[in-house]
Amino acid sequence: MKEGIHPTYYHDAVVRCACGETFITGSTKKEIHVEICSKCHPFFTGKQKFVDTTGRVERFMKKYGLDQK
């Protein structure tokens, strides 16, 4: 490998989640911020989060004249 062209690798990079969880990993960035992690993701927690997409579908139907009234 060529010298001086590779990014610095940090073996103790800190990952911070929006839920407050932090853990250490290896990365080319010293600190990483994420919105969701294994402590708060529904797949790992077993809890379901419902996202309100009804309004988006209704807007799409109305925009393209596909109202089913």
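Including glycine, each Cβ sits where the backbone N, Cα and C put it.
As annotated by Swiss-Prot, Zn(2+) binding site applies to CYS17, CYS19, CYS37, CYS40. In the three-state DSSP assignment, the secondary structure recorded for CYS40 (Zn(2+) binding site) is coil.
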CYS17, CYS19, CYS37, CYS40 excluded, remaining Cβ within 8 Å of their centroid (Zn(2+)): ALA18, GLY20, GLU21, VAL34, GLU35, ILE36, SER38, LYS39, HIS41
